[in-house]
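Taken from Swiss-Prot as is:
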- 5-34: domain '4Fe-4S ferredoxin-type 1' (DOMAIN)
- 14, 17, 20, 24: [4Fe-4S] cluster 1 binding site (BINDING)
- 46-76: domain '4Fe-4S ferredoxin-type 2' (DOMAIN)
- 55, 58, 61, 65: [4Fe-4S] cluster 2 binding site (BINDING)
C-alpha cells in the first residue's frame, strides 16, 4: 500500500516542507517543488529524478505530513501569552529581530547546538543551512518570501546534533511538531513564522520582481508584505510595491489550501502583524516556548499590550481561511484517508 503522502503529491497539495525527506528510514523521498517518492509501480517518478531507494511502505512519512494531519479550526486557542517584542540587538533584522535574538541568546547560553534556517545569496536565491553559533544566525536575518524544504535539513541535523531549534513557516512548524512527537525528540524548540502564502523562488525572482515590478533582483536590500502590498527596497533608496491581490495567483498551489496563518503548532510564533512598526508580535503557545523565551527575555524590549493587537491578527486569519478552507475541504474528499479542519487545541 503506498503511503498517504502519495495522494498528497498526486493532488498537488504537498507543502514541500521537507519532513518526509528528513525521516524516511531508507531515503526513498526527496523534496523539490513537491515531494517525490520512488514507487516501483510508478516508473514516471524514476524519470523525475526522485530519491535513489524504493519506498518499502513503512508509513513513517504518513505520521509527520502536515497535510495528512490537517488543520486546527481556532488557531489562537492555544496562545498563552501575546505581546510585542524587540531584540536589543536587531541591526539588519526584519522588524524587531526577535527570531534572530532568541536563537543568538540560546546559542550563547548553550541551550541549543543547532538551528535550521534559510540564508540567501546576492540574487536572493535561498539556501537551507544548519546554524551552529550565534555568528551563523547573522547570515539568516530578514524574511525570505520564497519556499524551500527547510525541514529536510533535519536529516543531517539529527545525525550531528542533540538540541535543535527549527524556524519555519506554518507548514514547516507543523511538520517539526509532528516529527518531535512521533519520530525524534532532538527538536527542543520550534519557532513559527506568520505566513499568508509563499512563492517558488523562480516565480518570485524571474517573474514577479523583474517582470511585474520592473526591479533588478540584485539591487534589492529588503522585501516585505505589509499593508496589502508586496514591497521591495533597493540599494539606491527606491521603494517599489505591488498589491498583493495582483500577485497572489502566483503563490504555490498548496498555499491556496493552507488554513494556518500564525503557525499554531509552534512553541513560539513570531510575526509583525499586530505590533507597531519596528516591533515583532510574539505568541507563546506551549510550556516549552514559555521556558525558552523566559531564558532570553533580558535580551528583549517588551511591549505588553501592542496595537493593533490580536484583533488585526484575527482578521488576517479569517482572510486567509476565507477561500482556503473550502479548497482544502474539497481536496480532502478525494483522499482515501480522513483529514480536515478539526476543533481542538494543540
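Yeah, the Cβs are placed from backbone N, Cα and C, and that goes for glycine too.
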- [ ] Out of the binding-site residues 58, 61, 65, give me the one sitting nearest to residue 24 ([4Fe-4S] cluster 1 binding site) by CA distance.
- [x] 61
Open item on the list: So among 55, 58, 61, 65, all listed as binding-site residues, which is physically nearest to residue 17 ([4Fe-4S] cluster 1 binding site)? Use the C-alpha atoms.
Closed with: 65
TODO: Averaged across the domain '4Fe-4S ferredoxin-type 2' (46-76), what pLDDT does the model get? Just tell me the whole number, please.
DONE: 81
- [ ] Take the Cβ of residue 20 ([4Fe-4S] cluster 1 binding site) and count every other Cβ within 10 Å, whichever protein chain it belongs to.
- [x] 31
Task: Most crowded position, judged by CB atoms within 10 A, among 58, 61 as binding-site residues - done: 61
- [ ] Check the Cα distances from residue 20 ([4Fe-4S] cluster 1 binding site) to each of the binding-site residues 55, 58, 61, 65 and keep only the ones within 10 Å.
- [x] 61, 65
TODO: Just name the winner among 14, 17, 24, 55, 65 (the binding-site residues) by count of other CB atoms within 10 A of its CB.
DONE: 17
Task: Residues in the domain '4Fe-4S ferredoxin-type 1' (5-34) grouped by DSSP into helix, strand and remaining coil - done: 11 helix, 3 strand, 16 coil
TODO: In three-state terms from DSSP, label residue 55 ([4Fe-4S] cluster 2 binding site) for me.
DONE: coil
